[in-house]
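Peer 1: Below, the features straight out of TrEMBL:
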type	residues	note
DOMAIN	26-473	domain 'Major facilitator superfamily (MFS) profile'
TRANSMEM	21-39	transmembrane segment
TRANSMEM	80-102	transmembrane segment
TRANSMEM	114-134	transmembrane segment
TRANSMEM	140-157	transmembrane segment
TRANSMEM	169-191	transmembrane segment
TRANSMEM	197-221	transmembrane segment
TRANSMEM	282-306	transmembrane segment
TRANSMEM	318-340	transmembrane segment
TRANSMEM	347-368	transmembrane segment
TRANSMEM	380-400	transmembrane segment
TRANSMEM	421-443	transmembrane segment
TRANSMEM	449-469	transmembrane segment
């Protein structure tokens, strides 16, 4: 039935809340964690294109780059060069599980403070690296900072925001990522001409936002959810009044208390995540991370300078072009902040899928037709590619980029929230690692075909969003289960299927059996339960 595929936008209790100045300050300070992440994404591509950096750590790549007749698609194909970028994300994958425990036991705020400490140590090692080991160790510690920051910040933003503004305030994290990428592009542009230490300045720049996060976090509060979860109920209620800007918070406070009491009954959250009732947020949370990376965005943003060099721009022109795409990224994310709580999450996902697919296909066709292994594109074709990349970045920046972080942070129930989100973050970092480690080799092997590869993934993710991603706009974060999952055309039927299978395989027939003969006539003869009856008999 056609109507069955329309996701339900459920009603939710209208808790009283104002948008206070204090909440705005907390949001901006916490989101600086995204600024550091974005700076690293942007700085990696620029640094790996700097000759001084390549001569010191990757001389083989530098020699290949110098060749007069270099291969447009293969000149940067080096596993160790890719490891420089991707090692951070592998470390972040591991760190996200430690960050989950820290979020639960200590709170969101201390987790962000730990992230800033990891960032500062990592920046010191990477920017001061005298050899490859120091460089990679610095990247790994930066990865721990990313893992802790990306775990704590989106959860903090979702829990502190009023329901009606949760989407926009959460996307401030993504906005800071885009601002970080833009700042990194500007830094790359100017430090590329500072010899021989420009790359050290570029890498060391990440220390500034790390210091802002470390000291700024002293000004922000812990989330009421985290406080109540850790039995600090009075402090939690006082904080709730402070961030909501109203005195009457009893209804929302009681909702949080009930959610925390239920969460305490769950002794093994990871085991609970494997149960059928946890399947909707888990499946969507993990697949959104996969799809976010396989849009091809990191392939473009990591190596924007490399990409623009490939289509015929010089070193500085390539970095300048990255500044242009970074500016588009920031402005488009602002558009996402304005739209997400008006149009909803699904509309943005679907609209952007069409936009990104069109751009990827046309870029692939132009490169396949006009760019060979040697030579460059004509000026007209090169400018068309730049424009299409900008239009592509627009679509990602107001949809799959921010919503990949927003939707998982708001859909897990409290009893599995930090653990479920940790799995989502680790999944994101794993696929970011895969793309970062494989992209240059894929570009070398597939050439222009890489854009058709990502186009196929965009088709898949668009269909997934159309049929399986529900609308969560305006729904209280602790009311998602009843207002969304139990009313969605597919996920509600998934519950019914699970219950039906349980009845089919595990519920025995008791019709006509004496109530005192159930054990011998039913339980001891049932294919599954009989093993437990025999064990009990032996124990007795």
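Note that Cβ sites are derived from N, Cα and C of the backbone, with glycine treated the same way.
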Peer 1: Where else in the chain does the transmembrane segment (21-39) make close Cβ contacts, counting only residues six or more beyond its ends and a cut-off under 8 Å?
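Peer 2: Sequence-remote neighbours of the transmembrane segment (21-39) are 112, 115-116, 119, 145-146, 149-150, 152-153, 156-157, 160-162, 169, 172-184, 205-206, 209-210, 212-213, 216-217, 219-221, 242-243, 245.
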Peer 1: Rank 197-221, 347-368, 421-443 by Cβ pairs under 8 Å to the transmembrane segment (80-102) and hand me the top one.
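Peer 2: Going through each listed stretch, the top one turns out to be 421-443.
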Peer 1: Where among 114-134, 140-157, 169-191, 197-221, 421-443 do we find the most Cβ pairs under 8 Å to the transmembrane segment (318-340)?
Peer 2: 169-191
Peer 1: Give me the stretch from 114-134, 140-157, 197-221, 347-368, 421-443 with the greatest number of Cβ pairs under 8 Å to the transmembrane segment (449-469).
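Peer 2: By Cβ pairs under 8 Å, 347-368 leads among 114-134, 140-157, 197-221, 347-368, 421-443.
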Peer 1: Quick test of the contact rule: Cβ under 8 Å, at least six residues beyond the ends. What residues does that give for the transmembrane segment (421-443)?
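Peer 2: Contacts of the transmembrane segment (421-443) (Cβ under 8 Å, skipping residues fewer than 6 from its ends): 73-74, 76-79, 81-83, 85-86, 89-90, 92-94, 96-97, 99-100, 103, 143, 146-147, 150-151, 154-155, 273, 282, 285-286, 288-290, 292-294, 298-299, 302-303, 306, 404, 408-409, 412, 450, 453.
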Peer 1: Should anything in the same chain at least six residues away from the transmembrane segment (347-368) have a Cβ under 8 Å from its Cβ atoms, list it; otherwise answer none.
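Peer 2: Distal contacts: 295-296, 311, 336, 339-340, 377, 381, 384-385, 388-389, 391-392, 394-396, 398-400, 403, 447-452, 454-455, 458-459, 461-462, 465-466, 469.
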Peer 1: If you count every Cβ pair below 8 Å, which range out of 114-134, 140-157, 169-191 shares the most with the transmembrane segment (197-221)?
Peer 2: 114-134
Peer 1: State the residues, same chain only, that lie 6 or more residues beyond the ends of the transmembrane segment (169-191) and have a CB under 8 A from a CB inside it; answer 'none' if no residue qualifies.
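Peer 2: Tertiary neighbours of the transmembrane segment (169-191) are 23, 27-28, 30-43, 45-47, 49-50, 153-154, 157-158, 160-161, 198-199, 201-202, 205, 209, 301, 304-305, 316, 319-320, 322-323, 325-327, 329-330, 332-334, 336-337, 340, 397, 401-402, 405-406, 409-410.
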